[in-house]
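Trainee: Swiss-Prot feature annotations, pasted as is:
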MOD_RES   Thr38  phosphothreonine
MOD_RES   Thr602  phosphothreonine
MOD_RES   Thr607  phosphothreonine
REGION    2-20  region 'Interaction with KCNIP1, KCNIP2, and other family members'
REGION    71-90  region 'Interaction with KCNIP1'
REGION    308-321  region 'S4-S5 linker'
REGION    474-489  region 'Required for dendritic targeting'
REGION    600-630  region 'Disordered'
MOTIF     370-375  motif 'Selectivity filter'
TRANSMEM  185-206  transmembrane segment
TRANSMEM  227-249  transmembrane segment
TRANSMEM  257-281  transmembrane segment
TRANSMEM  288-307  transmembrane segment
TRANSMEM  322-345  transmembrane segment
TRANSMEM  381-403  transmembrane segment
Amino acid sequence: MAAGVAAWLPFARAAAIGWMPVASGPMPAPPRQERKRTQDALIVLNVSGTRFQTWQDTLERYPDTLLGSSERDFFYHPETQQYFFDRDPDIFRHILNFYRTGKLHYPRHECISAYDEELAFFGLIPEIIGDCCYEEYKDRRRENAERLQDDADTDTAGESALPTMTARQRVWRAFENPHTSTMALVFYYVTGFFIAVSVIANVVETVPCGSSPGHIKELPCGERYAVAFFCLDTACVMIFTVEYLLRLAAAPSRYRFVRSVMSIIDVVAILPYYIGLVMTDNEDVSGAFVTLRVFRVFRIFKFSRHSQGLRILGYTLKSCASELGFLLFSLTMAIIIFATVMFYAEKGSSASKFTSIPAAFWYTIVTMTTLGYGDMVPKTIAGKIFGSICSLSGVLVIALPVPVIVSNFSRIYHQNQRADKRRAQKKARLARIRAAKSGSANAYMQSKRNGLLSNQLQSSEDEQAFVSKSGSSFETQHHHLLHCLEKTTNHEFVDEQVFEESCMEVATVNRPSSHSPSLSSQQGVTSTCCSRRHKKTFRIPNANVSGSHQGSIQELSTIQIRCVERTPLSNSRSSLNAKMEECVKLNCEQPYVTTAIISIPTPPVTTPEGDDRPESPEYSGGNIVRVSAL
């Protein structure tokens, strides 16, 4: 058997390399394996109108993503044979490059929030960003998160107290945001004043104030005027105690509040006083009492609630915890090494003060921090050489983490400055809007009171002359909005003076009250850019009763609306959607001004029973609302 195989093997090898055919006939052609067209198909990706082309194999390298899985078929359009994505095409370029090269980069000019949204949509995680861009991406993302947190805190601080807030929530909100109420602001400044008084008293009581009768030695002020300082300390501690108890009672989580750093500072600031009350003045506990009095100096840390700079410093130290830990570890190693070397280098000198390695720690610390008090100096040549090396190494070790700490402090400081600037700009912008709308509304009401607006709108020439006298296009558009609201609703804008007079007349005389001249009540004006609706009753938003009842007033701003029944003009839908040429010209001459067309189903003139709508001869004093200036 083995001999037969050995004889056949050379022929098989020869046939394998093509020297000798094994079969007498020609070998059949191998079956041609047709490659699927879908494997090398060219895919067109339409991203907001921008076309991108790539191979299907390129996308299928990452099947866990949106483009690499079958989920992309949900975005396929058979008509155009494209995959359409309504996303940002600029960021998509970098995402498509990731499929091509396997490296994801972060574009520095793009918004970090938009970039994260695009990555999340296409199923990519930020951790795959290349090393060349990852650090900058993390920094930008951290800054954006801090900025969003500051904005959220600002919005929370600026919100007014909700009616559903409990007393506990109101007290905590007053402590955290003192500018929310007058009482909270007063308590904020009172506590700050007593903190300053307590710190100053703790310093002044150690100053010599002369000798008292019967004593030759000068006594400190704290002993000579013990009663006065005790009363002052008692008043400060009482304020601090009340503040701490109120914070503890109003805290959302008392357990977290007790464990917080500021809570520990508050306890340490007031605890020595209460311990001193129960301790006697014997000599056994005098040393412990003096030690407790030292802790009163920690009251100065309470200023961190009143100083933004101290809070920034605390945030900086917290963010640089790893760098500070590295600095402490490096200094500890260097101190131990150089203290040991200095001890053995000075061991042979009889006048040496390096009596032990722990005693050499003091010299090493002073030398590495470049202080050099001179109380301990090396005597030998070897000691002086190692002392010089110790001084140089201290400069290097301390200087390494300093730039990181400074950069973090600068970043946090400028971030707080930008947040303060944004808050100030937001307040100023809202104030300008309120002032502009309030001034425009007052001017509108003044024109109505004087009868100028209705007279000048009778003709096109007078209207254009009136518009030319307007202060700004904003005021013109605001007047036009108020005019359209009068024409499309059964409301009339009146000022507070007319509103009060009308209410008094309704209360005393049961007859229709006269109202101020209104554009909607003038004769001869039958068509405007907005036609008027005719309603029987209405409901005030956020009101508990219907607008037809008396006494329901929704206060929003200083402009009043009086509900009166008028003869309806044209209530057809065609008049509401009429073109600009079919209407009276607007009270503005700019060609780019658009018109707000109100297309709301108009109620029928008759009731479902077929009766005519009853006309009310008088208006209700409660059908008055106030229109917000914002």
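Any Cβ shown, glycine's included, is placed from N, Cα and C.
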Trainee: Between the stretches 227-249, 257-281, 381-403, which wins on the count of C-beta pairs under 8 angstroms to the transmembrane segment (185-206)?
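Mentor: The stretch with the most contacts is 227-249.
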Trainee: So what pLDDT does the region 'Interaction with KCNIP1' (71-90) average out to?
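Mentor: Average per-residue pLDDT within the region 'Interaction with KCNIP1' (71-90): 92.
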Trainee: Under 8 Å between C-beta atoms and at least six residues away from its ends: which parts of the chain pack against the transmembrane segment (322-345)?
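Mentor: Counting only partners 6 or more residues beyond its ends, the transmembrane segment (322-345) has Cβ contacts under 8 Å with 354, 356-361, 363-365, 367-368, 378, 380, 382-383, 386-387, 389-390, 393-394, 397-398, 400-401, 404-405.
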Trainee: Cβ under 8 Å, sequence separation of at least 6 from the ends of the transmembrane segment (227-249): give me the contacting residues as numbers and ranges.
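Mentor: For the transmembrane segment (227-249), the list is 168, 171-172, 175, 187, 190-191, 194-195, 197-198, 201, 205, 221, 257-258, 263, 266-267, 269-270, 273-274, 299, 302.
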Trainee: Quick test of the contact rule: Cβ under 8 Å, at least six residues beyond the ends. What residues does that give for the motif 'Selectivity filter' (370-375)?
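Mentor: Cβ under 8 Å, 6 or more out: 353, 391, 394-395.
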Trainee: What counts of helix, strand and coil residues does DSSP assign across the region 'Interaction with KCNIP1' (71-90)?
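Mentor: The composition, in the requested order, is 7 helix, 6 strand, 7 coil.
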Trainee: Under the DSSP assignment, what numbers of helix, strand and coil residues are found in the region 'S4-S5 linker' (308-321)?
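Mentor: Going through the region 'S4-S5 linker' (308-321) residue by residue, I get 13 helix, 0 strand, 1 coil.
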Trainee: Within the motif 'Selectivity filter' (370-375), count helix residues (DSSP H, G, I), strand residues (E, B) and coil residues, in that order.
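Mentor: Result for the motif 'Selectivity filter' (370-375), in helix, strand, coil order: 0 helix, 0 strand, 6 coil.
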